[in-house]
């Protein structure tokens with residue numbers, strides 16, 4: 001959850017203290033974004049791309065950035081042309097953590113009464129699949145943000161960690177919960193209690209990351225995956241995502257019941273009929289998303 005002066009080189013730490021806001025970037029909706037860049041990608045503009053854009057602060061997650069991220073996610077969620085979303089940062093950092101300057105003077109009463117960080121998990125409620133394309137540091141809140149996504153692709157130099165313990169606190173945006181589910185208790189406990197990072201290779205071996213690519217190819221590969229997902233029925237993709245995510249919240253019996261209900265629900269869609277008809281007729285399905 002924290003952007004770490006204790007873990008990053010001193011030069012990076014000083015940058016976090018003296019960061020200047022980047023120029024405003026204009027989104028297709030007309031909104032002015034200060035901390036992110038957004039655009040549509042893919043042959044049919046079916047992929048929404050969101051890039052975190054606080055490079056001097058190693059994409060530290062300030063409140064303004066999270067608010068803009070949520071706004072962009074909601075815009076892509078409502079866009080019928082977009083079937084999947086890619087979230088990325090820069091080559092040096094996906095996100096080095098939360099903005100410590102915004103946290104330093106907070107009190108328990110303030111955090112509790114304001115439900116501090118409660119709006120960080122909006123990304124988990126987006127129905128369209130979100131792919132995190134992680135280059136460089138994904139530490140603290142940056143690691144938590146990546147884990148909120150549905151798929152994680154990593155650049156070969158990526159590093160993941162939950163080093164909040166070095167700042168005298170613990171993860172507060174799901175780090176202890178999602179990391180444990182992703183990599184198991186032993187490795188998660190070690191990372192949380194020591195603040196140590198793991199490489200992209202170790203993250204893949206542990207199950208946190210699905211694929212690793214060269215730094216310069218990462219975003220392109222994530223967009224290709226998103227485009228492939230977007231070519232399927234959007235309503236059925238949403239059902240599939242819901243069913244997989246339920247595996248982390250339900251017992252096996254409950255999860256199987258939900259899966260069966262969602263499976264039956266696909267038979268109420270035109271896309272299920274089209275998909276099976278196309279298979280029998282040996283042609284490509286033409287999904288209409290209903």
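The backbone N, Cα and C atoms fix where each Cβ goes, and this holds for glycine too.
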Inquiry  = Just to be sure I read the record right: 98, 99, 100, 101 are listed as binding substrate in Swiss-Prot. Which of 136, 141, 142 is listed for the same site?
reply    = 141
Task = Check the candidates 92, 217, 241 against Swiss-Prot and report the one noted as N6-acetyllysine.
result = 217
Message = Among 56, 157, 204, 282, which is the one flagged in Swiss-Prot as N6-succinyllysine?
response = 204
Query = Relative to the Cα of residue 164 (site 'Important for catalytic activity'), which of the binding-site residues 99, 100, 101, 141 have a Cα no more than 10 Å away?
reply = 141
Message = Tell me the Cα distance separating residue 204 (N6-succinyllysine) from residue 141 (substrate binding site), rounded to the nearest angstrom.
response = 19
Remark   = Across the modified residues (204, 217), the Cβ with the fewest other Cβ atoms inside 10 Å is that of 217
Request  = State, in Å as a whole number, the widest CA to CA span among the substrate-binding residues 98, 99, 100, 101, 141 given in the record.
outcome  = 14
Query = Taking the Cβ of residue 211 (N6-acetyllysine) as reference, which residues of that chain separated by at least 6 in sequence fall under 8 Å from it?
reply = 153, 154, 204, 221
